[in-house]
Amino acid sequence: MQTETTPGTMLKAMREKPPLVQCITNYVAMNIAANVLLASGASPAMVHAAEEAGEFAGIASALTVNIGTLSTQWIEGMRAAAKAANAAGKPWVLDPVAHYATAFRRSATADLLALNPTVIRGNASEIIALAGGQSRGQGVDSRDPVEQAEDSARWLAKRQQAVVAVTGAVDFVTDGERAVRVAGGSALMPQVTALGCSLTCLVGAFAATAPEDIFGATVAALAIFAVAGEDAALGAAGPGSFSWRFLDALAAIDSETLDARARISAA
Ligand SMILES: Nc1ncnc2c1ncn2[C@@H]1O[C@H](COP(=O)(O)OP(=O)(O)OP(=O)(O)O)[C@@H](O)[C@H]1O
Ligand SMILES: Cc1ncsc1CCO
Ligand SMILES: [Mg+2]
């Protein structure tokens, strides 16, 4: 049954019962992603080794998988964890960082897509390329506007039976039927590395809190990022001070503030 809960309600529920989220993310993102989850009210665990990732996915409430700094041994851990999450009926989120860049990444991404991620979160260049479109992406940063990725996102969501989130200046989320845009944030956000990777982990945290409403959980994660980005930009002298202000802003946002300030519109 579909329950309609607001981002603020989900945030409150998450903080009352912090979900354990297994984050298989890249070396660049690990520290900031863990801090983003703690500031938001979730409990992160960066567990990726092939020997234990599957076992740990049985304990965690959600899993996130990010291919940013890939190696063969990690792929084994990712696959084992995704299979275990599926077997346990727990949500898992895929972040296909620069999946178009090399044959190694393309192959790993195809294998992970075959394991049916619950949510796919990427920037516009990544989502366009996942749907087989003409992406301008080269490395990990987006070189395409979100508007250009919206049709790709809808197509991908239908094909994968997943929620797809495209982030950028104004984010776009769809499950193939419904779609919304989430406005806010700051132009300083792409100037700080791995905030998108951290957001992927936070989508996992909200999905763990509201597994019955994955679309709403994804929107909630994007919405708190948008509001925190606006707050952090106030008084930030540049990317450095923005980064620590962003963590403080995430921690300071309460459920009422989130619901009052989230800018979510039907697309
Ligand atoms: N120009 C912008 N204005 C406002 N917010 C932005 C802008 N660009 C990105 N964001 C926000 O930054 C966050 C990260 O999204 P982004 O699309 O930069 O991820 P990404 O490219 O995967 O990042 P990374 O790979 O460095 O982790 C999202 O919350 C998004 O809304
Ligand atoms: C910079 C970078 N390189 C691989 S992953 C990553 C973090 C942003 O996606
Ligand atoms: Mg990224």
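Keep in mind that glycine also has a Cβ here, set from the backbone N, Cα and C atoms.
Any TrEMBL annotation is an automated prediction that lacks curation.
Remember, it's a predicted structure, so these values are computed and weren't measured experimentally.
What TrEMBL lists as substrate binding site is MET46, ALA194. According to DSSP, MET46 (substrate binding site) is assigned to coil rather than to any helix or strand. Neighbours of MET46 (substrate binding site), defined as other CB atoms within 10 A of its CB across all chains, total 16.
Under a cutoff of 8 A between CB atoms, and with a sequence separation of 6+ in the same chain, the neighbours of ARG121 (ATP binding site) are VAL93, LEU94, ASP95, VAL164, ALA165, THR167, GLY196, LEU199, THR200, VAL203, THR218. Under the heading ATP binding site, TrEMBL lists ARG121, THR167.
Checking the binding-site residues MET46, ARG121, ALA194 against ligand 2, the ones whose Cβ sits under 6 Å from it are ALA194.
With a cut-off of under 6 Å between the Cβ and any atom of ligand 1, the binding-site residues MET46, ARG121, THR167, ALA194 reduce to THR167, ALA194.
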